[in-house]
Each structure stands twice: as structure tokens, then as C-alpha cells.
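For reference, Swiss-Prot has these:
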TOPO_DOM  1-11  topological domain 'Cytoplasmic'
TRANSMEM  12-32  transmembrane segment
TOPO_DOM  33-415  topological domain 'Vacuolar'
CARBOHYD  Asn50  N-linked glycosylation site
CARBOHYD  Asn138  N-linked glycosylation site
CARBOHYD  Asn147  N-linked glycosylation site
BINDING   His194, Asp206, Glu266  Zn(2+) 1 binding site
BINDING   Asp206, Glu241, His339  Zn(2+) 2 binding site
TRANSMEM  416-436  transmembrane segment
TOPO_DOM  437-469  topological domain 'Cytoplasmic'
TRANSMEM  470-490  transmembrane segment
TRANSMEM  494-514  transmembrane segment
TOPO_DOM  515-532  topological domain 'Cytoplasmic'
TRANSMEM  533-553  transmembrane segment
TOPO_DOM  554-560  topological domain 'Vacuolar'
TRANSMEM  561-581  transmembrane segment
TOPO_DOM  582-698  topological domain 'Cytoplasmic'
REGION    596-623  region 'Disordered'
REGION    637-684  region 'Disordered'
COMPBIAS  646-657  compositional bias 'Polar residues'
TRANSMEM  699-719  transmembrane segment
TOPO_DOM  720-735  topological domain 'Vacuolar'
TRANSMEM  736-756  transmembrane segment
TOPO_DOM  757-763  topological domain 'Cytoplasmic'
TRANSMEM  764-784  transmembrane segment
TOPO_DOM  785-1029  topological domain 'Vacuolar'
CARBOHYD  Asn937  N-linked glycosylation site
Amino acid sequence: MKLSNPFVFRPGPVSFWTTIVYLAIIIPLIYVQETVPPAPPEKDLPQGVNLTEAWLDLEVITRSYHPFNSHSNDIVRQYLVRRSRDILERNGIDYTTDLTGGVPWESRYLSSAEHPAQAAEASARPRGATLFDDRISNVTMTNPQPNDTMGRYFEGNNFYVYIHGSEDPEGDWWTSDNVQRVARNGAGVLVNCHFDSVSTGYGATDDGVACVSLLQLLSHFTSKGHQPKNGIVLLFNNAEEDGLLGAKAFGYSPLVQFCNTLVNLEGAGAGGRAMLFRTTDLEAAEAYSKSPHPFGSVVASNAFERGVIKSGTDYSVFVDNYGQRGLDIAFYSPRSRYHTEEDDARHTSVDSIWHMLSAALATTESLARTTSTKFNGPRSDGRKDLVQSGRPTAGVWFDWYGSSWSAFSLRGLFAWTLTLLITTPIVLFVVTYVLVRDDKWYFFATRVDSSVGDGEETVSFGGWKGFVRFPFALVVATALTIGSVFLLAKVNPLIIYSSGYSVWAMMLSLFYFVSWLLLRGAHFVRPSALQRGFTLIWLFIITWVLSVFAAVAEDRMNMGAVYSLAFLHTLVFAAVLISLLEQYALPAKQDFARQLSGENEEGEEQEQENLSGDGGNEQNHEDRGEADIAAAPTETTPLRADEEGQGSSEQTTTFANTYRRPVPETRGATHSGNNRKRSFPPYENEQAWSGRLPTWTWFIQLLLLVPLYVTVLGNLALVQTTSMGMTGTDGSSLLVPLMGVGILTILLLLPLTPFIHRVSHHVPLFLLLVFIGTLIYNLTAFPFSANNRFKFYFKQVVDLDKGSNVVTLNGLEKFVRPVIGSLPTPAGQRIHCDEDPFLSNLRNCQYDASLLPPDVANGEKLENLISFEASKSKNGKTVLVSLDALNTRVCFLDTSSPIFGFSVDGGAKRDDRFGSFPPEGLQQIQLWRRDWEKGWNVTLYLGGNVLPTNQDSVEATEVDEVDDDPSGGELKRRAVREFVVTARCAWSDVNSANTIPAFHEVKQFMPRWAIVAKKSVGLVEITKKIKVT
């Protein structure tokens, strides 16, 4: 039995191979997205790394909530310091503890050596490690965000371990008189985590996994034979969750200028894989390539740079404010557990620890081995006040199925794109010219003079058939797909929160079915062997135009995120080239026309012989002969051949619904001598000449267009859905995640369109059923579940002056109201919801909570919690504020009118690295302290629109407070006399249910599909006002 060709361009093979190829790509991509690579056995781990130990450390760290403003935070800090000491001692490393930090650089040492003589000797040579226990650093700054008039004073308590490198400066170089010069000669690597959590989360992945990874890095790099060439600083910073404050306090360390490179470990999800969020340059991305399971792309980096992703991490401080180069590695999913009680050890795994740890270890090893000027030397921006980290190279990087890594320069991508823009049209033009010269250019061919016999006859080639089908189908399919996006956004936009794959199934099935219906329908009505080639030509035109914009983005905007277009352009060009070269298998058009006319004449003679017994009806024979060589049907040709058409136009249209086949398809096929014709029959009434085209080249085109491009883009598509699908409850746009799916659906299925008209009806009809089912589900299903919980935000405010106690639940009003309806306390109250001033999609819904007063200081009355005094100086230029509060580290000062300078007793001058002083002044100051009992003495400087100097923010220039204008002078004097200062102190420790009963009521009674997170720094704020006259 003869087996059929499995690669022929027929419905069966096309349906099979297109489905198999797409599934073979998409299923592994989904698997990579949804799973974490298993950790290796203990025997295969790098020396010094112990995952069992790391897991136990994580369980200890996440036993309780441990925000900066909690006593548990101190316990976690002590544990990490003790574990660091234990590791150093276990590995036999001499180390000292440096109690410096802040300014001035005064230090004392506590040596781990048993004898003072040994300690003295160790100070003269490179020590194994130094532990910096910083309880001195403080920073005064203004918030760098626009339209945010806020000042901050922060007292840090970071600690960090400096592992001395074999090529580092000798001795305790940071104590030398010329510390800056010595530091800048180094090439240290900073690896950072933060050990505080939010007040509503246990901080397993944000950022406990990172901190236990640092402990394992400490163990590895202090093991025998693993001392790095360049020193490594392992920073455990505090108070990241409340404004990246620990990283800013590190700016006063003498090691800042020493660390040229950075590996920041973070968590913006709660488990899964740790993704390379962003990097500064190509060299850093190449260092990451040593990771055994790389995961990420340049798209995320570009999204951060353009403000599409607004999540802030310590990375921005180290890179933007200090000038270091490096990477930001972070967990990114699932977002619904981020900053909630589900960010715990139960919802992560040892595999997740290994994924982050292995990436950090490989990257740190690579950076610590660098001895050239790759990360050292003058900066490209010429700034001398930042770390002299060399000249970075803009790059492009992405992973392949989470197992391999590609990284190359952005200039290389631009050169690639530019080469495609210039060379591909030229190559196609040359090939087309040769085809025209050889009379084998069948595209756009209309009629050819056969020049056979006594009369002049022309043969139609149907070279325009199928030309406009693809753009028409693309426009309609795109419109319907984008329309479905807006439909979902209108009816049930948050369905992507829990059912992202359902949204993908709906979009993909809709675009596929509509494209097939239109393209297959057009081919059925008017078959054309050129449809695949025309579709590829249109794809080439589209990708060429898009590549123009991509080249501008790459060259002018330094955007590497468009790299997938270079792949698509290259592959489409190759596929078009194959379609052109296919025509060399065809005879010259003139030869085919002559052959066709010759066969027609033979057919007529044979027919006359066969019909000679009919009484010599020559007129009928003559009429049939004329019909056989007639021109191809026109747009006025009737539906049935025996009906008359109207008009005289001879031009055909793409979707004309009749087609008169050339003579060889009818008469020639019955001629006994037409053996050649019988060897190359056309498919389904396509053009007669098309039977000579190769039937297997489509499969090569499929393999060119689909696997590589869909792999690159499909990975980005899944990451986009996972990272953005759950941001709607955070106040982000509800439309953007859905629109991303819609646009990526179109881009993913574009490579299929040249072949889709050959797909049998079974696949699209199945997808039609999928579309109907998923559409109904997506429009009607409740978007949240116990595994994908609706996130809302809690805050309680007690106003001592008004005697009020109000709880605010912030979130999407449609879902916040049912949460409030499930609580006992607000029952019967009229709930009013106001628009959030910062996030327009969210609402602040409030209810009276007087029955649930907080107990934040072991039974102390609320009115006794805050000690607050304020008075104006004799000259009226300043206001002196004395503020203290029980059992908290955080208080705010709000002023009724702007101030133009402030200082805190014992604090440093304002640091210009973190923002300039706003010309309009400040009306809020945040005050943070490292201990629990020392109060704040703050001086507020009054005045006009005068910007304090960068060197001393506490000096403000006096301006006239009273205008000479009699109509306004009295009001201004009254405003000055009634200067009001409001103290707001915050409490965040909810490890005991009795501390903030209103919060625990919410946790106890909220629906299973909802989960609570913090709204601001404190879960409870208590306020008190003073009028200063």
C-alpha cells in the first residue's frame, strides 16, 4: 500500500503539523512558568551550601511579622547577626566586628581571635571577614517623588559582612585618612537583602529567602579554597518596606565607594522562580548567564526605565544614587500573596530558595572574579560623586525555557535590524528581477499571449487572486480580538486575576477561528495557489515597517525590548524567499501558455472527431472552442456558467465566487496524449500551472516562522500575564493586562496565517467551542478564590482631638463593600467610600471602630501614648517640636503651612543624593528611630519660597511674613499666628491579637476569597494637634 506524503500541503498534514508545532512550544513554556527546577541533592551542592540549614533559617525568620516598627524585627536582626558569627567561626575565619557607621568614621573592634596579640597581628594583614554592626548611621532627606512634599529623618541599624578578597587593599583600609582613594581602587561586589517584612506579612519571599541566601553565600565564600579575588559585602539592611530607608542609610558606609557592582535580591511575589527583574548593562547580564536556571529578559528592565512597572526596590538606590552597576533578582508571582500573611514558608519551597541562591551564587562568583576595567574606571557620564564603575554597554538579554541565556549588545541588535531593513528588500528585489527575466514571475501575472495558431490568443494566469485576503482577514480578526478585550474590561476585568489561562484560551481561539473562517472561506470560493505567498509578502511588509520603528527605539531610546521583531523579520524574510524560489519549479509563462494553447487545439480536433456523427454541427464546435480559450471570468461573471453577466469589465476580484478553470483542467485532462498534464494536477481548482509547485516547502516555512519566534514571544507573554494579571487590586489599570493578552495573541498567531487556509474544519470548530465556553466563563465567573484572593488594605486612625476612631478599608469598592458587610462592627452603619487621592481606581471605605480601640502599649491609655510639645522661637523664624511616643519607632509631623527647612537633634545634614529641597516647601516629616525610648527634638524653619542650600538643609532664609497689602496682610498674620503642627504616630506590630482588635476582626471575618494587607507605614495611627502662636 502506497503511503501518502506526510508533509504535503493538504488539510490533513497542515492541520496536524501546525497544531503539533504550536503545542510542542506552548506546553513546555507553560511548564517552565508554573514549576520551579528541583534543588540538587546535598552531595551535589557547592561547598559550604546547605539547603536544609537555609530552610531552617527561613522558618525561624518567618515565625512572626517583623516590620521595622516591631520588637520581632530586633529578634530577627539578632538571629541573623548570630548566624553570621556562627558561620564564620565554623569555617575558622578570623573576623572583627566594626561598630562604625554614619559620620564621622570612628570605630572600635571586637576580635574573634582568642589573644590580643593575634588580633593586633590580624589588623596588619587582610582579615578573613569584618562584620559591620552599624548603629550610628542616620540620614536626613527629602522625598524625591514629584508633587510629594515630604521630609524624612531615619536612624538605621543595618549590619553587613565584608568578606575580604585576595586582591583587596590590605588591613582595615576604611579607617585610613584617604579612604575614598583606597575604596575607589577596589572592585567589591555588594549583595543585598532586607530583613524587615511588612506588618501584614511574614516575609518569606519578601525578603526572607534572600537573607538566608546571603547566609549561604557567606558560608560558601568563607569555605576553604573559595576566597574571592574581589571583596564581597553581604548587606542585611532594615526598613526597606517603608521607603528603601536601609539602603539609603548604607550610603554613609565607607564601603559604598568600594562596591562597584551589585546583586540585589528581592521579592515582589511569593514563591515560584526568581526572575532577573532588571540589570544596568550587558556586562552584568553576562555575569548572570552563569546561573544554572536563568530566567528573565530585557523587557522588564525597559518597563522599569519607562515607568510601566513602578515597583521600587533597593536596586534603584544603589544604581541611581550611588552609581553601582548590577542586577535585581526577585520573585514575581503570585502577586496576590505579596505583602500578605500568605507570604510564609508554607507557600514557598526549598526549590525556590535554590533558584534564587544558585542565581546569586553564580552571578556573585562571576563578578568577584572580574579583574579588568570592565566594572572599574571613569564613568561614561563623567560624574565624580558616584562610584567609578566604568563604562557600561547597553544590552539585550533573555532566557530560553529557563535553562539557557542569551545576551548581546544593543548596538548589535541595532546593526541586525538595520541590516534587515536594507538587505532584505534588495535580496527580494534581485530574486524578483531574475524571476521576471526568466519569465517565471507568476505573482501579479494576468494574461500572456500564447502566439499559437493563426489567431491571437491570451491565457489568464490568475496572478492577483488572493492578494487582499490577508489584510482583510487580519483587520477583522484583530478588531474582534481587541473588541473582546474591551468587553471583558467592561464586564469582568478581574477575571485575569485568577483565570489567566482562560483569558488566553478565549483570545487565541477567537483570533484563530476568525482568521481561518475568512481565509479558508475566500480560498473555497476562489482557490488560489498564491495565497500563502501573498500572505508572506504582507507579513514581510508589516515586519519591515515595524522594524523601522524598532530601529528608532533601539538607537534613540536604548530599548532592547523589541528584539523579538528582529527574529520575526529574519524568519519572515526567509519564508518569503522560499515562496519566490518555489517559482523556479514552474515553466516560463510563455512556454506554459503555448503548451496550454497546443493542448486546446489537440482537444478540439479530438472533440470534432468524436462528435462527427452529430450531423456536422460545426457552429456548436466552434462556440465550444471559443469558450475553451476565453479569458478568465470577470467580476461580472454570473454564478452559473449558463447565465449572462452584466458589464464589460474584465478585472477579477479576490473574493469573486466563480472560477472558470483553464482548458487543461477540463478538456486537457481527458486527452489521451496529455500524460504530462496528468502528472501535475492542481489542488482544488487552483491555477492550472500550480500543479508543478513543490508541496513540501510549506513545512520548512512553518519551521522557520513558528518555533523560534513563538518561543521568544511566548515566554514574554506568560511572564506578562503572571506579573501584571494581579495588579488591578493594587490600583493599576484594569485594561492593560487584558490588552496585553489581546495584542500578544495577535502577534503569536501571525506566523500561522500563511497556512491556516489549508487547515481542516475540525480544529477551528473545536476552537469555536472553546471560545464560546471561555467567553461565557470569563464574563460570568467570580474573579477571586481561596487560592487567588482579593487584596485590600487596612488602616485605623484614632484622632485624640476629635475623639474619633475610624477604620479605612482601601480597595476596589465593588469588592470592599462585601468585605465590610461580613464584619460585625460596621453592621448597621452607613458606609461611605471616597476616591483614593493617589490611585483613582481604588476607594477608601470607612466605618466607625470606637468599640475596638487599639492597645499598642500594654494597656496604656490612648491619650497618654504621645508626648508632644511645640513652641515658636522668639524671633518667630522657627518652631521647636519635642515628640515622643510609647512602644513605637515611627512618628510623623504635619504642618498647616509649608516649612522651608528642618533639623533633628543628633541628625546629619540633608543628603542631596536622595532629592533636592522642594521650592514650595514641606508639609510632612517622617521621623524614624532605631531604639524605642529616645524622643525626637525637631526644629522647623518657617519662611517663604527660599530653597535651603544643598550643604545645610537646616538653614532657611528669612523672608517677610506680612505683605504690605492691607487687604491680605491681616489674613497672613493670622495664618502665621495659627501655625498648626499635627503629630501622627504609627504602630505596626500585630503579632498579638489584642494589640489592634479591629485588624484581627477583619482577618477573622473577611470572606475566604479576600485577604488584607497594610495600607501605609502603620496599621494604626494616633494623631494629636498643637496650635503654635
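Placed from the backbone N, Cα and C atoms, the Cβ positions cover glycine too.
Mean model confidence for the topological domain 'Cytoplasmic' (515-532) is a pLDDT of 94.
Of His194, Glu266, Asn937, all annotated as recorded positions, the residue with the shortest Cα distance to Asn138 (N-linked glycosylation site) is Asn937.
With respect to Cβ pairs under 8 Å, the transmembrane segment (494-514) is most closely packed against 764-784, considering the stretches 561-581, 699-719, 736-756, 764-784. Helix, strand and coil residue tallies for the topological domain 'Cytoplasmic' (515-532), in that order: 13 helix, 0 strand, 5 coil [DSSP]. Cβ environment of Glu241 (Zn(2+) 2 binding site): Pro67, Phe68, His194, Asp196, Ser197, Val198, Asp206 lie under 8 Å away, each six or more residues apart in the same chain. Between the transmembrane segment (561-581) and the transmembrane segment (764-784) there are fewer than 3 Cβ pairs closer than 8 Å, counting only residues 6 or more apart in sequence, so the two stretches are not in contact. His339 (Zn(2+) 2 binding site) sits 13 Å from Glu266 (Zn(2+) 1 binding site), taking the C-alpha atoms as the reference points. The CA atom of Glu266 (Zn(2+) 1 binding site) is located 21 Å away from the CA atom of Asn50 (N-linked glycosylation site). Same-chain residues lying 6+ beyond the ends of the transmembrane segment (699-719) with a Cβ under 8 Å from its Cβ atoms: 7, 13, 17-18, 21-22, 24-26, 29-30, 32-33, 275, 297, 299-300, 332, 398-401, 504, 532, 536, 563-564, 567-568, 571-572, 574-575, 578-579, 740-741, 744, 747-748, 751-752, 754-755. Taking DSSP states H, G and I as helix and E and B as strand, the topological domain 'Vacuolar' (554-560) has 3 helix, 0 strand, 4 coil.
Of all Cβ atoms in the shown protein chains, 25 besides its own fall within 10 Å of the Cβ of His339 (Zn(2+) 2 binding site). All protein chains considered, the CB of Asn138 (N-linked glycosylation site) has 20 other CB atoms within 10 Å.
Residue counts of the topological domain 'Cytoplasmic' (757-763) by helix, strand and coil are 4 helix, 0 strand, 3 coil (DSSP-based).
Spatially close to Asn937 (N-linked glycosylation site) yet at least six residues away along the chain are Leu880, Val881, Ser882, Leu883, Val904, Asp905, judged by Cβ distances under 8 angstroms. Touching of the transmembrane segment (533-553) and the transmembrane segment (12-32) is ruled out by the presence of fewer than three CB pairs under 8 A, sequence neighbours closer than 6 excluded.
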